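Enquirer: The structure's right below; bear with me while I get my questions together.
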């Protein structure tokens, strides 16, 4: 049986793979697993549920809430809010679990469901596996009468509570900084502009009018050209681009150059080390991070630890080691002293705070890391399980590694959310990286 959970919860085409019935069963099973140790006679368990603005979110939220209520869990619906806001509110309200209905950067027809445990923490694989097992055996019946959970619609203070948290996490004034923020017509559309303005920045929001159908539609962190053009048009100091659920942030400097998650981590790591905030002088990233990040950190006396791709694995390493900064090249940046998951708005505030602290432009700050040319090709495949061990692929990988030696690297890995294999090559020149990646991708495509 194929595993239901991917690298970031359950995700798929809404009303086909991710149906209301599946959401109902997931809600019931997750309620059983995540609240089994927190039940008492004095109160019912509580779940916080938020979503992004895509049209299927309302349907899935209703089904999911019904499933949890059927197992005796009170459901606090907080409406459209970023994923990190739901994680924070799960902890703030003392809830037993949290749920986000979002497919992040995926197209509007997709959706997803991801869970948080008590305290706002993402689930380890073992707990997700337990939820899947319970889904197969959970009975139709449940509590009756007073034992049935209530569904409380739209907690009125949820957004304001999250905004206060952001202000407290990054209190430095951003007065004098002009920022363009691309909200992807997603969960950041209200929160991000409000947070940046409250910190003192002049904010120029774009793609901040969600209508249930336009999330990630030629905008946001996967369409960085939109914020690049707006920064140049308005003469802004920088631009920030969020994804649909606002757990990631990419940046653009005043000249329109992209500053990706690796560069953002380099900037923040150096700042935190200087200020005595980088615990154990260690940064946590993934195997997809550019080789240039490792070289820059080595020069600064900072250890770089790498994990599998997925911010959940970065989080596990951060928690296990007691570290204070980690993230992904894609813009998922985690600051454990201020949150339990990647937070795009917090990242944007932290980046601008460093600009305000130093008086330096984003371009100058980003120059602390030299980015090695990198090419990434996504190859559609029918069976992800056979690719890496196929003799033709093994031989092609060996040829590429022999050619690059210590001057680059090759990485081949399956997507955790789509039927794709990702071919990534770093090399001294873009041309070399592109050629080697294309050769390897052609081999994978024939399998």
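Cβ atoms here come from the backbone N, Cα and C positions, even for glycine.
Predicted, not measured: the structure shown is a model, and the values here were computed from it.
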Enquirer: Of the candidates 104, 382, 401, 415, which does Swiss-Prot annotate as part of the Mg(2+) site that also includes 243, 245, 247?
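Expert: Among the candidates, Swiss-Prot records only 104 at this Mg(2+) site.
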Enquirer: Hey, which of the recorded positions 104, 245 is the loneliest by Cβ count within 10 Å?
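Expert: Checked 104, 245; of these recorded positions, fewest Cβ neighbours within 10 Å: 104.
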Enquirer: Specify all same-chain residues, apart from the site residues 104, 243, 245, 247, whose Cβ lies within 8 angstroms of the center of the Cβ atoms of the Mg(2+) site, ordered by sequence.
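Expert: Sorted by sequence, the hits are 52, 82, 83, 102, 105, 186, 187, 242, 244, 246, 248, 344.
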Enquirer: Residues with Cβ closer than 8 Å to the Cβ of residue 243 (Mg(2+) binding site), same chain and 6+ apart in sequence?
Expert: 104, 105, 184, 186, 216, 220, 221, 222, 331, 344
